[in-house]
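The feature ATP binding site is assigned by Swiss-Prot to G328, P329, N330, T331, G332, G333, K334, T335, with sequence analysis given as support. Feature annotation from Swiss-Prot assigns domain 'Smr' to 704-779.
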Amino acid sequence: MNNKILEQLEFNKVKELILPYLKTEQSQEELSELEPMTEAPKIEKSFNEISDMEQIFVEHHSFGIVSLSSISESLKRLELSADLNIQELLAIKKVLQSSSDMIHFYSDLDNVSFQSLDRLFENLEQFPNLQGSFQAINDGGFLEHFASPELERIRRQLTNSERRVRQILQDMLKEKAELLSENLIASRSGRSVLPVKNTYRNRISGVVHDISSSGSTVYIEPRAVVTLNEEITQLRADERHEESRILHAFSDLLRPHVATIRNNAWILGHLDFVRAKYLFMSDNKATIPEISNDSTLALINVRHPLLSNPVANDLHFDQDLTAIVITGPNTGGKTIMLKTLGLAQLMGQSGLPVLADKGSKIAVFNNIFADIGDEQSIEQSLSTFSSHMTHIVSILNEADHNSLVLFDELGAGTDPQEGASLAMAILEHLRLSNIKTMATTHYPELKAYGIETNFVENASMEFDAETLSPTYRFMQGVPGRSNAFEIASRLGLAPFIVKQAKQMTDSDSDVNRIIEQLEAQTLETRRRLDHIKEVEQENLKFNRAVKKLYNEFSHERDKELEKIYQEAQEIVDMALNESDTILKKLNDKSQLKPHEIIDAKAQIKKLAPQVDLSKNKVLNKAKKIKAARAPRIGDDIIVTSYGQRGTLTSQLKDGRWEAQVGIIKMTLTQDEFTLVRVQEEQKVKSKQINVVKKADSSGPRARLDLRGKRYEEAMQELDNFIDQALLNNMGQVDIIHGIGTGVIREGVTKYLRRNKHVKHFAYAPQNAGGSGATIVTLG
């Protein structure tokens, strides 16, 4: 497709209409590169994608994609073994999260049958392990403390040191208030300093870092905090080094998956682009045109996309029809009609919806040529006629039977008689070459050419003689007429002058009467068609209303189901939590034996309200619908026996699943858990406690990992963990506390010594963690 036609018809302005609907930089790049296609299968595929997106919006009105930055350059840097910065990693994290969201969204789609988009959704891949690691990068582009134990240690020390410095300086603010120009702690070169009056600079021992512009204030770092500030400086350097190490580790994690991540990013961008095309179609009442197998064109109520209030027109360019000649005076909208045809064809061949009604049809041309407007070249000293003729010669040399040619005011700019003859000769050459052509002209001679020549049709633009203004309605099959006599009469020209003028052109009066009759017949036909279209629109509105009511009912039903499940779970959780509290108090007060606690707990658990939903037909139907989809890695689940939430991490060869439930890794069969709906992820989650799956003696021991925890948090988790282990009759458990500063390890030891249900405990063997882990025997 030649690029000049894109400039002449302002195709880039059409693309700008799509831009506001795009959310991702990838889709913006795809839009900027969009050009008309010349292969029907590719165009058909683009149209099928829009149809698929329409189905999605019928089921999910608010379907959308989060804003995503382009990651193409970041992925190239990874391939070159470079490390990414925090913002680049955050952009990739968003792509991974969005990919996972799209996969879950697709898996939950009901009542949708795709033609093209299914392959995109199915080619998306998710990375649960990578997503888990990247939780250490928050949405603000900051590394969280838990990114590594070392980073947490450094930041904890940094916080403590900064607190001590502030405390010392706060005390000095009170003690030395009379020596200070301001009662505040300032900062100079990253060091905490005090603003001291210059006259008292020798009263405070320390390091001078700055002097105010007036010289009245000296910024001194008191000697009491110099060492601490040095420590803070070193800790900040350590923090930067550890952050760089973590970013390097994250970059290494991503490197093996660059190709897949790039493909995911492209798919997300393309889905966003298809979504934008659908929204453009919906907002502008556009349509997906059919693609003709020949050169047939049929545009129903087609509109110019760049005009604010365009008039809709019908245009039919049948296979046998070679040329349409629009005749009549200027200012009637002939050029607009010419451009409307060209833009509709460019949009359709670019895979964009066309501003027309359903049933419209486009052809597929290898090239579209146009000579529109005054393109004379001052530099080449060419007249208007010479400029047009130079361009026309170029078009005639390049056009073939797979081309569409558009001429505006063909033959203008020279002697009318010669110009009309040239116009007819050019049209005849194109007709004999079987090249589809639309041309506008004000030469009356071309009316006769259109009537007398096979496969050529006249057309005109309607003119309202009452208001003396054009209506911009296209009348195919009706030649144009000047309406000069009617206009002159209505403007007050003497009747005898008008009569004399008519007598001078008597030879044309019969033709004008015929044209007038054709116009009347065309208007009557159009009125009837408009009435039929109104009835069709009423039917469409009714169908949409019914479909909307059905979707609203389905949505409300789903909300009620979720509410019922949530309320039932809250009742059970509340009862179990109360029982835990009661047993803990009994244990603290009465020295109950472990088996007595377990028996009592089991009895109280039986008292938890049981919500019998087995006879609820709506819930049973919902369960069947949910069960229709098999679980996948990354799915959120609820363990049926404990009511705890977790995530599926892998599937074993025997069909069982491994799941991470809090701090515990569990092996489950499919009937031991239920999938959590994606929508439930947005709900406020009930408070959960860590649980231990009951294991037989031959299975792996339960393990609690306290590394990276605060002391109070670690002790609380340890207490809950031992309690759950006793409840599940576990004989031995592992406690991983690390070595670190030894605070957590010492706390674990103290707790185990005073717990009467701990039979024995000792550090793990050297090859199993050594002094960083403790093996506990319960009894």
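From the backbone N, Cα and C atoms, a Cβ is placed for every residue, glycine too.
In this structure, the binding-site residues G328, P329, G332, G333 were compared by how many other Cβ atoms lie within 10 Å of their Cβ, and the smallest count belongs to P329. Here K334 (ATP binding site) comes close to I326, G328, D408, T440, M461: these same-chain residues lie at least six apart in sequence, with C-beta atoms under 8 angstroms from its C-beta.
Long-range C-beta contacts of T335 (ATP binding site), restricted to its own chain and to partners at least six residues apart, with a cutoff below 8 Å, comprise I372, G373, D408, T440.
K334 (ATP binding site) carries a helical DSSP state (H, G or I). Secondary structure at G328 (ATP binding site), as computed by DSSP, is coil.
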